[in-house]
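Right, one structure below, let's go through it.
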Amino acid sequence: SHSFDHGDVCFIIMAGALVSFMIPGLSFLYSGLARRKSALSLIWIVSASNAVAIFQWYFWGYSLSFSPTATNGFMGNLENFGLMHVLDGPSPASSLIPALLYAFYQMECACVTVAIIVGGIAERGRFLPAMVFTFLWMTLVYCPIACWAWNINGWGYKLGVLDFAGGGPVEIGSGVGGLAFAWVLGPRRDKTLNNFRPHSVSMVNLGTFILWFGWLGFNAGGAFGANMRAVMAVWNSMLAAGFAGAVWCALDYRIQRKYSMVGLCSGIIVGLIAATSASGYIPPWAAVLMGIYTGAICNFATKIKFYLGVDDSLDIFAQHGVGGIVGLLTNAFFASSSIISLDNVSTNAGGWLDHNWKQLYVQIAYIIAACSYTFVVTALLAHYINTVPGLHLRTTAEGEALGSDEVEVGEYANDYIEVCRDVIEKNDARTSGRESSPDTIQFIMPEPTALADDRFRRPHLEKKGQRRGMHMDDLHPDMEKPVELLALPSDVRISVIA
């Protein structure tokens, strides 16, 4: 039995717990960015992918990533299948903590990765194939790339790749993988989506700050001990996030002349993404610079999906893929051996700050390998899952018009559908045949089409007198403009004209 520092062990347990709290953060972020009729489905898919990832990691994921006896440099073997022989020996990539604890922390990082990528099904994907995809994607994409960078026998590890907490397996894996998944899945059918608005911006903000909180465990945990390198990683994460958020917000302001909440949150997230790759390698002044140029580069990268014609609904590639690449390149220039050695264990050479010029080529080789491998294998995996009877990735046209919440979950993030169906329709049944009074608000339903059940069509609003205020958008996805409504006074009667 080995003796480990209790403080280090406690710290990494807490770091792993913080990373697990990123799962609800992602749930709320994705849900807030979606439209009402699919708001709960994104919370479900992120939550369920987490459960699949836990099983996969226990089953063979940890072994395929970190088994110390695999020497091919590409992927682990099954020596640690089902966590066999994983207990209190020193962990394969760090002698500071026991292998069983290392396996837990790395599992949480894997869970977050698949939670990011499954957001690619937004508003059009089916759940069961996505769960099958999650298990196989972790096995064929995440585990090999984690092995390259972090396994003591991985080719990237031997080459000297600097990837602190997951620029390759986590960020490029989820970002480039999300792009490939969305490409195979195809675009949403709704043609009014070019500038569709998130249904709950306050939830976007809540999800972002839960993510930021958890991310401190993600990045500080990469030091694998309660040491000064972990403290430096926390500082660099804060600085990169703050500056990237400000830059993204400013870039959006130059066009909209408004201070976008979604823009600020997006910038904060890309700063944290870049810090995932770099926070344990660079000095704080470099984290400030990294925040500034990452916020700018990722902001402009959101246009890439339009050039490629891929409906990357939640900008997974522009944020995670591009942010991860930028962070890995930052290491080539600004990594410093004086920062790396703050954990009193690591002795890696830094980047150009240490006159280690070849680090740039090492980082570029790793980025190209991770991006190309991820895209090709993810696209093939999604394509072949789609050909299996019963595992077609997309919902039907009618299902997409109704929304994922109705078709896949049978529950809703908010009760607007029940209000529409149970209150308005019943009111209509009671008042049908009567002449409207001046105090009656009439919902005039659109003509039926073959697309969907009329229960969910967005009503036009006609009011004798003044118009009232709250958005009822997305009940009918084919309508161009949202209708405005407000909570109605108790003496106003509602009637529906179908």
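Each Cβ is built from the backbone N, Cα and C atoms, and glycine gets one as well.
For 11-412, the entry in TrEMBL reads domain 'Ammonium transporter AmtB-like'.
Here TrEMBL flags 12-30 (among others) as transmembrane segment. Taking Cβ pairs closer than 8 Å, the transmembrane segment (12-30) reaches residues 42-43, 46-47, 50, 97, 101-102, 104-105, 107-109, 111-112, 115-116, 119, 122, 203-204, 206-211, 213-218, 220-221, 224-225, 265, 269, 314 in its own chain, all 6 or more past its ends.
What TrEMBL lists as transmembrane segment is 42-60 (among others).
Residues or ranges marked as transmembrane segment in TrEMBL: 96-118 (among others).
Residues annotated as transmembrane segment in TrEMBL: 130-152 (among others).
Taken from TrEMBL, the feature transmembrane segment applies to 164-185 (among others).
Annotated transmembrane segment per TrEMBL: 232-251 (among others), in sequence order. For the transmembrane segment (232-251), the residues of the chain that approach it from at least six positions outside its boundaries are 164-165, 212, 215-216, 219-220, 222-223, 259-260, 263-272, 274-275, 278-280, 282, 284, 286-288, 290-292, 294-296, 298-300, 339, 342, judged by C-beta separation under 8 angstroms.
Beyond its flanks by at least six residues, the transmembrane segment (263-282) meets 29, 162-167, 170-171, 204-205, 208, 211-212, 215, 218-219, 222-223, 229-230, 232-234, 236-237, 240-249, 251-253, 290-291, 294-295, 298-299, 315, 319-320, 322-324, 326-328, 330-331, 334-336, 339-340, 350-351 of its own chain at Cβ-Cβ distances under 8 Å. Sequence annotations record features per position, and here TrEMBL assigns transmembrane segment to 263-282 (among others).
What TrEMBL records for 288-308 (among others) is transmembrane segment.
Summarising the annotation, TrEMBL assigns transmembrane segment to 320-340 (among others).
Marked as transmembrane segment by TrEMBL: 360-385 (among others).
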- Item | Top Cβ-contact partner of the transmembrane segment (288-308) among 96-118, 164-185, 360-385 (pairs under 8 Å) | 164-185
- Item | Intrachain neighbours beyond the transmembrane segment (360-385), with Cβ under 8 angstroms and 6 or more residues off its ends | 129, 132-133, 136-137, 140-141, 144-145, 148-149, 156, 159-163, 168-169, 172-173, 176-177, 179-181, 183-185, 321, 325, 328-329, 331-333, 351-352, 391, 393
- Message: Over the span of the domain 'Ammonium transporter AmtB-like' (11-412), how high is the average pLDDT in this prediction?
- Response: 92
- Item | In contact by Cβ distance (the transmembrane segment (96-118), the transmembrane segment (164-185); 3 or more pairs under 8 Å) | yes
